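Structure record follows, encoded as structure tokens.
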């Protein structure tokens with residue numbers, strides 16, 4: 001099975017980075033989260049309800065929808081903040097990319113650690129621009145809003161192709177497919193990584209941080 | 001074509017499509033209300049949240065959608081459309097977008113109805129939630145208010161896009177293949193937002209009546225009515241609520257199985273589709289409309305206070321321009337009498353024994369005072385402060401009558417904690433006198449006008465006197481220093 005990979009590119013002003021990335025990551029996670037599974041006897045399970053929330057951006061003319069889960073929001077915000085800090089500290093021209101990877105765990109025998117097999121990767125390439133005056137900022141506000149709208153349409157288009165999704169797991173296997181650590185929603189297992197690109201366009205050294213959502217490897 | 005589909009599957013599929021259509025309408029209309037929507041996640045399924053999504057059902061919208069569908073389902077050649085238009089305060093209107101739920105002939109015979117179709121419909125609803133915030137009409141709807149309002153119209157049949165102007169764009173929200181056809185959800189939206197001054201709706205006059213306040217029943221009422229995209233407490237709240245409850249009791253699929261399937265999914269295409277076979281018992285549960293838990297007060301559809309309170313003024317200001325001339329008895333009671341908050345009807349225990357005591361009203365009385373009581377039935381359906389708080393059972397809390405109405409009504413003032421008018425000087429009388437004191441003589445207009453004229457006339461004389469006595473004034477000022 002090949003991993004599906006999608007790339008989205010956005011050019012933003014510095015203060016728009018947080019909101020734009022939150023908008024796109026949350027839009028993807030909205031589609032890749034379900035309600036909590038409750039396994040019952042006889043191999044049946046029921047699914048909890050996912051609530052949704054409209055979030056207005058302050059620096060972009062845009063509103064996006066995310067799942068109503070403060071826990072999930074905190075995790076995503078933390079990842080985005082780290083990326084933004086890295087982007088600011090790297091001394092690069094403000095180019096970098098953040099990836100949201102959905103994966104499945106495959107149990108391996110001892111002494112080998114579990115395999116993480118990605119099945120869908122979304123990469124958002126960010127290019128930070130500096131604007132000279134308020135008028136440009138206002139135009140940028142609207143333009144970025146429109147761009148994000150286009151990206152949301154792209155995301156929805158990809159998701160509605162109904163390509164590979166992991167099989168619904170049994171109770172014993174659910175942690176190999178879903179992140180069950182949150183109390184209100186259940187996204188597919190995911191991890192967020194990022195890379196900062198230097199001015200030459202190549203990825204700098206090894207600024208690769210992993211926010212690992214699976215259990216520790218052996 | 002349908003020969004491979006079992007009767008149970010067919011029944012389930014029809015139900016899924018029906019509720020999908022209803023939820024689609026809810027999502028679209030709620031996205032054009034002009035407010036941020038917020039629903040809560042719940043880890044325990046209630047059985048009333050179709051497609052595992054917390055999408056509130058506004059009863060009027062469900063009612064209109066059902067009226068438009070008239071018991072049919074979107075099928076080949078018969079699409080369900082939701083038209084969103086803008087109407088200015090001057091009466092000009094403009095179609096902004098048309099959302100279409102269509103079915104074509106392309107069937108996916110081997111798809112599992114009970115799980116795959118259901119899950120994909122859920123995914124499509126999520127996509128709809130996302131896309132409804134992206135089209136241009138969303139920003140317009142967030143700014144609706146005094147200058148313009150956003151209206152919606154649901155119709156069934158051929159898609160009409162001519163009102164969208166030239167160069168309209170189309171965005172496809174998604175598709176879901178089913179054994180009886182492929183459902184497609186798309187939106188065509190206007191790109192040319194220059195308002196046309198011609199009264200466009202007149203062209204469609206013979207077909208539909210434009211109704212701003214859809215509580216009014218018109219003689220030409222039919223399924224193609226324009227309705228405002230703002231939420232007021234439904235007039236027939238009880239009736240509407242019951243209809244909503246009835247729907248939600250037609251329980252949605254919440255139970256799935258991980259037991260081995262009886263048929264394989266199409267390889268390659270749905271390699272990851274869970275191999276699910278629904279327990280037969282679940283199907284019958286759905287048929288019998290059993291709700292695992294009561295979808296009433298437990299409905300977790302509550303907006304955070306901040307968004308609700310900010311929405312208050314908007315909702316009320318918008319709805320203030322809607323003249324509710326509803327023939328409904330429930331709404332008519334608001335034009336009669338209204339009881340102040342915390343008022344209880346006098347009970348049979350109230351007595352006249354202690355007239356001289358303060359707060360004698362609270363002393364128990366021997367006889368029944370109900371016949372002396374003016375009509376004190378509180379309005380049964382006050383406007384909730386936000387559409388998101390108008391839960392299915394808000395009518396039970398509406399009896400308090402504490403909500404402000406949009407229109408000014410003449411009320412017989414009955415102050416809080418008061419009793420009837422038996423006492424010569426009770427609280428009510430005191431309030432009335434206190435609030436309507438006689439006008440001060442010096443403030444009456446005639447006298448002030450006269451005195452003003454007199455003042456002006458006598459001004460030169462007064463000035464002359466003051467100049468003459470200027471030395472006295474100076475001496476007085478010196479004493480002060």
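Yeah, the Cβs are placed from backbone N, Cα and C, and that goes for glycine too.
Nobody curates TrEMBL annotations by hand; they come from automatic prediction.
Note that the structure is predicted; figures quoted are calculated from it, not measured.
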TrEMBL annotation (region 'Disordered') - matching range among B:206-238, B:338-370, B:371-403: B:371-403
Tally of DSSP helical, extended and coil residues in the domain 'Autophagy-related protein 13 N-terminal' (B:94-192): 29 helix, 40 strand, 30 coil
Model confidence over the domain 'Autophagy-related protein 13 N-terminal' (B:94-192), averaged pLDDT: 91
